[in-house]
Amino acid sequence: MASSPKTSSPKTSASKTSASTTSAPTSSATTSSASSFRQRPWVRWGAPLLLVAGLAVLPLVMTEGANDTLARIGVFAVAVLGLNVVMGYTGQVSLGQIFFLGLGAYVTAYGVQSGWNIVLVFVLTCLIPAVAGLVVALAAARLGGLAIAMVTIALPIVGVPLAKRLSDFTGGSQGLSARFVEAPEGSGLYDDQWQLYLVLVIGGIVFLMTSLLVRGKYGRAFAIVKGNENVASSMGISPYRYKVLAFTIASLIGGVSGFLYMVVVQYTSPETMSFGHSIELLVAMVIGGAGSIVGSLLGGAFYVIVPDVTNAIDPSLTALLQGALLLAVLFVLPGGLVSLPRALMRRLRRSPAGRGSAAPPTTPSSTPGSGTAAEQSETERQGHA
Amino acid sequence: MNRHSRSRKALGIAVASALAVTVTGCGNREDAGRSGDAAEGAPSPGITDDSVTLGITTPLSGATAGPGTCTVAGVTAYFGMKNAEGGIEFGDGQTRTVEIEALDDTYDPQQAAANYDQLKDEVFAMTAGLGTPTNRAWRDAAIADEVPQVLIMTGDPLFSDTEESPWQLGFVPIYQNEGEAFGELLASSSGNHRVAILSQNDDFGAGYVEGFKSAIEGADNIEIVDELTYEATDTSVDAQITELANSDADVFFNAMSVTPLVISSLQKAQQLGWTPNWFLPSNTSSPTAILEPGGAAAFPGIYSVSFSKAPQSPAFAQDEDVQTYLAALPQYGNYPDPPAFPHCQWSWMVGATLEQVFMEMEEPTRDSFMEALRGIEGFEAPLMLPDTSVSTTEDGQPAVSTVVVQKYNGRGYDTVESFE
């Protein structure tokens, strides 16, 4: 997030050349063999197949607790993904993502309680937050820069009292319960397995569509808007229009995550969209890796697992432990968890080259930065392909 | 371009195969030990012949951490003390120790539900957790899983409705109980009173006002001269206080749950020279945390309701219950400071009430536990004030539904019989 392509592209080329020229021949050999391995047709077809098959079997063999945790990770991974579209890929600071999650959750809860068809409820859960996001973005994107951040801060801050006041629709501060996801008769599935399948399928489709979006022409346009708005304008890409588009898509994805939230948690209240959670989502995005699809997944996992882990260590010190963990991760991996494999590879590659003893002081500063840069070059490269 | 279309095809096939695997996977039903499958009469989870484990999800960090920590400390201290004495003899003849498993939910409903999911197969019952949204978040799940969610710290009437909530029971009085108690005292006074009302614009404030109004209905000597609301998220109520001060009411009914706002209200009224008799809800009437910083001594009377003895009050300094409690809290409850919130005392009473239930419970099952729980009548738990008791037999009422009105005496509270 911190490094824009403007600054990163020279770095990228530098790191690339250094990787291929300065390091030992063995490492370049591994790189090329690894990439050719990835290019092989059976790998390109088989790996995703294997992944999907694994995900399809997983809910059946895991314990109920693991299923619940995985389902909640899915919910927040989708929310973080939405945030990534507007922040990670388009570079617009949004602090209001939780509002769209909350809005989606409320639309779902209200629709279910009113006995509407669940498909209609889902469509509304996508549409209403998207329209709300569009209206906000039409005004906010015109202001540009930090003004978008300011406007989006207002969303959860307005959202909480609004949810309390509109008690006819929201149930006031007592919230709304909607227990609508029960495994269909005859499927032989437990509720938690069915919930996880719903999250995997809906979340999977959202992830798939988003990754196609950010790798295609819209993704290129987002990247240019993020990099330099003047360049974008000169190329005939309207920064305003693409900012609005990115924000609307982020809101829509936020709405979908709200639907999934109701599938898994089955209850929403004004607390759901409190401002603190918005910041936690932002933290999760940065920790996972800004501008990265896999990073969104990792961010969702971070959002869900860390409170559970700190609870297991000492329930009375959760806030302190979370803060310490956040600092630790950002210090070691400023590029987010997604840069961890790259950082490890780099470290492994350097030590046999005989620079092992000198490496430690330079690694923390150079590795993570170039990690992000490489990540970005990856997207750009794919975009241009 | 070629690469692109290929990867798209790959994804399409991947999705199709996922669906195929899902459909075939549906056929076989594996028993992964889901809850609610236990055979009739078999012991429920979380209980053995020599111990029983209770679960709590409550805010231990964040804005409500103060009262939240208390909800764990009290009950932990109570059972810590009992365990040190050798345990509790249950109704089935076994003597068991009681373990507490507490998790932090930061007042986030989503985290509370997650904590419940984590605990439900390890604990015998869930108890003592603080918060309305955080308890509502997993209420339906607890009913479906048949896990007791009892003696919890919320004034939400839903949890005390046996029909709607068969596996739940609230502990503390519902909001209406408190408002009503003060209304009755006021209506019975001999003088005429003009009342100004400021309430939180949600079920909390509305509950208090509803109870108060029902009690003063038909009382000729009471007139409500002004009634305003504020939002729980407001950072200031100076405007409302100023407007209410103009009404020149001599009684101020302030149904407010936000600690800093209560303090600033007390200060603002003094600045304006408005010194009415003041009513505060039980959870925002702490002498040390609220009244002293708010300068409450300037008012002729600060009234609140209570059902627990205030450990700081000199009146109870020699009280045996209070001494036992104050000694156990740091020793077994991991709470070294003097209790700053009444939730510590309430939680201690929850422990005592649960002990009663355990002693009556004939089988080590959740069903038997609920049956015993609903049969307690007139139990005077330690730290309870005279004229209050735990009764679980009346539908629609929490375990404690009787409160007495008290008046601030500069350090603590004294029970009052009439309003002067």
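Glycine too: its Cβ is placed from the backbone N, Cα and C atoms.
Marked as compositional bias 'Low complexity' by TrEMBL: A:356-374.
Residues or ranges marked as region 'Disordered' by TrEMBL: A:1-32 (among others).
Under the heading region 'Disordered', TrEMBL lists A:351-385 (among others).
Annotation source TrEMBL lists transmembrane segment at A:42-62 (among others).
Within its own chain, the transmembrane segment (A:69-89) has Cβ neighbours under 8 Å at 1, 58-59, 62, 97-98, 100-101, 192, 195-196, 199-200, 203, 206-207, 210, 213-214, 219, 222-223, 226, 246-247, 249-254, 256-257, 260-261, 263-265, 281-282, 284-285, 288, 290-293, 295-297, 299-301, 303-305, 308, 379, counting only residues six or more beyond its boundaries. Taken from TrEMBL, the feature transmembrane segment covers A:69-89 (among others).
Under the heading transmembrane segment, TrEMBL lists A:119-140 (among others).
With a threshold of 8 Å between CB atoms, the same-chain residues lying at least 6 positions outside the transmembrane segment (A:146-163) that come near it are 92-100, 102-103, 106, 136, 139-140, 170, 172, 243, 247, 269-271, 273-275, 277-278. For A:146-163 (among others), the entry in TrEMBL reads transmembrane segment.
Here the transmembrane segment (A:196-214) has long-range neighbours at 52, 55-56, 58-59, 67, 70-71, 74-75, 77-78, 81, 85, 89, 181, 189, 222, 249, 253, 256, 259-260, 263-264, 293, 296-297, 379, meaning same-chain residues at least 6 beyond its ends whose C-beta is under 8 angstroms from one of its own. Among the features that TrEMBL reports, transmembrane segment is placed at A:196-214 (among others).
Marked as transmembrane segment by TrEMBL: A:244-267 (among others).
Under 8 Å from some Cβ of the transmembrane segment (A:279-305) lie the Cβ atoms of residues 1, 69, 72-81, 83-84, 87-89, 95, 97-98, 207, 210-211, 214, 326, 329-330, 335-339, 372, 375-376, 379, all in the same chain and six or more residues away from its ends. Per TrEMBL, the feature transmembrane segment maps to A:279-305 (among others).
Annotation source TrEMBL lists transmembrane segment at A:317-340 (among others).
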